[in-house]
């Protein structure tokens, strides 16, 4: 038998030296990794899929199909919740997270603040650039164009089903946010499965209100319900990428989050204050305005509770 295996091995080496090297390397890794680590990738990837799929399924229950007058009242309440969640996430989670418990030195504090400002400026530059190359401009005075109400009805192209720039900016911010979630999941499973499970539950609770808010922003930007859900599902690629990077390169999470988190916070602040809140200032009756303010506060409170128990 040994002579047969030796002959087969020689044939493989002659036929494909690269393949034989890969097989040998994989065998070495398999034998050298502890048993619990062999299940590391399936566990971490499974957890990432869970936090991506669960909020997505909840969106089926939201009775908003598109940005029309029929759904405008509920949509504006959801937008209010989104703005509260975005600002709460930025100021209570993303910005404080890079700070060490001891407070850190002045240069580190400055770097976090600069990354937040960089996020705001970059998102502004991107929106102005897209508006410039498409020949778009802002429409004020409460006019309504296409599917969107209020200001900033600039579309990526000429179809009535197109999405405003703010919708794509929100997707970009959501992608980077999901990437950091993936980094956290991967790093936690490297510690132990139990730590990974706790981290997964925490991020899942955080993602549910966040995804609802993102859904409202996409619908307000001109998406149908189906398209908004499909686009949100694509951002799950960011979480998968973050998890894989964290598992394959231990320690990358801490280095990456030092700038990704505050940069994403800047993006969230820009979207909430420039793209979402201005939509809430148009033609709101007293009861509707009260509901919108309560929804903003509810979004902030949700982020407070999540930040407290993270």
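Here the Cβ of each residue, glycine as well, is placed from N, Cα and C on the backbone.
No curator has checked TrEMBL annotations; they are predicted automatically.
Here is what TrEMBL records for this protein:
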type     : residues : note
TRANSMEM : 40-62    : transmembrane segment
TRANSMEM : 74-95    : transmembrane segment
TRANSMEM : 107-126  : transmembrane segment
TRANSMEM : 231-249  : transmembrane segment
TRANSMEM : 255-277  : transmembrane segment
TRANSMEM : 289-307  : transmembrane segment
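Contact between the transmembrane segment (40-62) and the transmembrane segment (289-307) is not supported, since fewer than 3 Cβ pairs fall under 8 Å when only residues 6 or more apart in sequence are counted. When each of 107-126, 231-249, 255-277, 289-307 is scored by its Cβ pairs under 8 Å to the transmembrane segment (74-95), the top-ranked stretch turns out to be 289-307.
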